[in-house]
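**Student:** What follows is a structure written as structure tokens; I'll ask about it next.
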């Protein structure tokens, strides 16, 4: 595809020089579809001399001839991008320039687009659970791609979801249910997004909807699911299609109707589709601008939304003589010939216009203007322009432009003249438009509309009023009933809700008209709620439900629930509780043995509405919770005929209440919950009253705790354990003695499965006043939910808000054993919960000696039936880190790791450095190296001292022979001395002398050279020292072995 320019100019001989002109180029968007073999970036131009071509990419010079991957054409600016798999490197914005000595022409900007394959993100969607009658929105959120985009809602078996007045798809691709019914329950709602230009269809994960049945289906007035708010603004380019959408929820299903404010009907080209929810106007123009309204209504009320539609032009080339955006050339000369290009841009796009200007001296027409002053002047100025055909155009017409206009034209054939008279009237203009009003019902309002018009029009001016596009209503009722018209003022007496709507003031003359729109909104207190019922009776608990009445254009802020009981104050209504305005039900906690009735009223910013009808009565059962029960616990004279039982609440100063009974127990009813009472019991028989009794104290019965623990938080400690924390329930809400807290938790699902299932509930009890607990035995890689509740002797209180948490994946038990010089043995066992079928393991390891540089990470794949591996070819005396991962079909879990250090090069090569390396590789530490240097230096100094002393004793030659055949009984052998003189000066430094000669034969040195030499070295031909040093070597071997075992 390419863009070609056509020219109606005369053919120019080849010897005549021509300015360069772009004749063909690629479209503004060039899309690289994957099934195309190549993509030509076209640029052709004419000119004399022949033009030279150059390109820019993203504003910088780009030479296609320098890239061997591109195909270029001779004598052309076109180059071809082959589809060789590297297209993304060529993405960008290109522009072509054609140049010769006369000038340069440029093409429009060309965007080369390499589309990605659109994909829905991978996500786990939770099942949507709603009550029957509630609205549902299934979001599609299609991925971005090359338009056009087509969206379909189907099942997994590719059956289309049926759409009607209740169920419809929006312009954004979402599927809307105005109210859900039982048959909407299904697990395979799928959104399909089709991109036909790239021949691709993608599917979103299936979504599940569960509609729960209810015995009382609540009807309600409509509200809009889309769009949101009261009004919105839409901007279109002339020629585009207008689409306005209103989708409402409510029960019964709302009906949608459309109105264009100020007009009796919708535009002729307007089409209402999608069961009344979509208004379409194809190829809009300026006449389609204005204010549109959609109204959704059902028997319970209505809701409206207003659309302000603005139609704009695309940017156009302006060749008129204007102040801005125009090149004016006065006294043009041949050297002014050139290609002039204007690029205009607004938010709707960009246009590039070419103008080839040749300087010539063609004759033109002359316009003269004769005003009232009877003087004729040539027409000139920025507001005046003469078209090619000689027509005169005047912009921003003014009063002084009135008069007679004459056009004179001549050529070699003669002269001609025409005249025309222009009359300019003042425009009709509303200077004081009506304003939006929001008033209380029953008041009197006035809309004022004052306009200016040309005085010469006289009595042909009139002001008309329309309501919701219908003018006859006001004209019929004006002066009658409640409507009054007087000099541009519309007065409405005793405003009612039927007067709501849009009022249009039209100021009209035979020449033109102007109009203004104002909205009248009537507000009042809410209507009474309807269908108030109580259900879910559970002793002292019931659920109260209702349908809100009309809020009369003022949102309901809260509902107030009142009760009346028939025993103590019949007919007296008292407030029980308040709920937010968006709640249409409440759970009521009641007292025992009371006969209740309920009613509800609503409150908005205007005030309190009338109460609803009272419900049927509900009597709560009697309960021993509200009683004090006690027996006689002291000796009683069997001849007693009756007892006087006295009781009162402690601490509030009330009088004793007394009852005479004959039995040995008494029940006090209707007491508050868990309140301390004072009690005394006095016996009486025919002899008279017994002694004054002692006062005892007792609490009235406990009730369930009335509050749940707050601030519940979960800290997952590992894949099977978590800690729970909560805030204490206040003692006033315990309604008894605190027994402790209970934690109930249940598994929602495995994280490998998006489907949620409510698993078995587990409950743990923790006695006493505590605010935390540890829960064990969880399953790895799972999602759980839990609640916390307080309990007393009566039972559990309400549960806290559920808290969800996830456990991490299970890991294998992993250990490193049998550490040797160049190999180690690794053992493991499968995780407790594998979260699937184990298909193998991945082992990784690397060298991590205590330096900044680490060795490369090596990987091994291990079969699922293995639990041991001998890893060889490791470096001696080096620290390694090993990682093990367990894998299923879904992927590999987290790694468990271990660090170990291999043993030195020789097992019998014992040194301080070697031992240090075995225990963590400290031989590489600076402090250890310094310590070893200091020891070596000290040893050297001692040896030098010994050498000097030996030289002093060298004059005794007989001693040298003795040293060659040492006496086993000599004290230098038996004593643990090192480089010391004996008491006899004739036996100096035996051990030191032989140490220097390399033939050490003494057993007193702790740092024996045997440790560094050959294991088979003999010190004397009789083997006297072999046994001693053999024992020493055995001890060293045992030390090394012990160290190896501890490291493992």
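Each residue, glycine too, has its Cβ placed from N, Cα and C.
This is the feature table in TrEMBL:
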DOMAIN    20-111  domain 'Ig-like'
DOMAIN    115-208  domain 'Ig-like'
DOMAIN    222-310  domain 'Ig-like'
DOMAIN    315-423  domain 'Ig-like'
DOMAIN    427-523  domain 'Ig-like'
DOMAIN    528-623  domain 'Fibronectin type-III'
DOMAIN    708-806  domain 'Fibronectin type-III'
DOMAIN    807-906  domain 'Fibronectin type-III'
REGION    984-1030  region 'Disordered'
TRANSMEM  927-948  transmembrane segment
**Student:** Restricting to CB pairs under 8 Å, which listed stretch, 222-310, 427-523, 807-906, is in contact most with the domain 'Ig-like' (115-208)?
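**Tutor:** Stretch with maximum Cβ contacts: 222-310.
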**Student:** Count, for each of 20-111, 222-310, 708-806, the Cβ pairs lying under 8 Å from the domain 'Fibronectin type-III' (528-623), and report the range with the highest count.
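**Tutor:** Checked against 20-111, 222-310, 708-806; highest Cβ contact count belongs to 222-310.
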**Student:** I'm checking region-level scores; what's the whole-number mean pLDDT for the domain 'Fibronectin type-III' (807-906)?
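**Tutor:** In the predicted model, the domain 'Fibronectin type-III' (807-906) has a mean pLDDT of 81.
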**Student:** Tally the residues of the domain 'Fibronectin type-III' (807-906) by DSSP class, grouping H, G and I as helix, E and B as strand, and everything else as coil.
**Tutor:** 0 helix, 46 strand, 54 coil
**Student:** DSSP helix, strand and coil counts for the domain 'Ig-like' (222-310)?
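**Tutor:** Helix/strand/coil tally for the domain 'Ig-like' (222-310): 3 helix, 54 strand, 32 coil.
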**Student:** Residue counts in helix (H, G, I), strand (E, B) and coil for the domain 'Ig-like' (20-111), per DSSP?
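**Tutor:** Helix/strand/coil tally for the domain 'Ig-like' (20-111): 7 helix, 49 strand, 36 coil.
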**Student:** Do you know the DSSP helix, strand and coil residue counts for the domain 'Fibronectin type-III' (708-806)?
**Tutor:** 3 helix, 53 strand, 43 coil
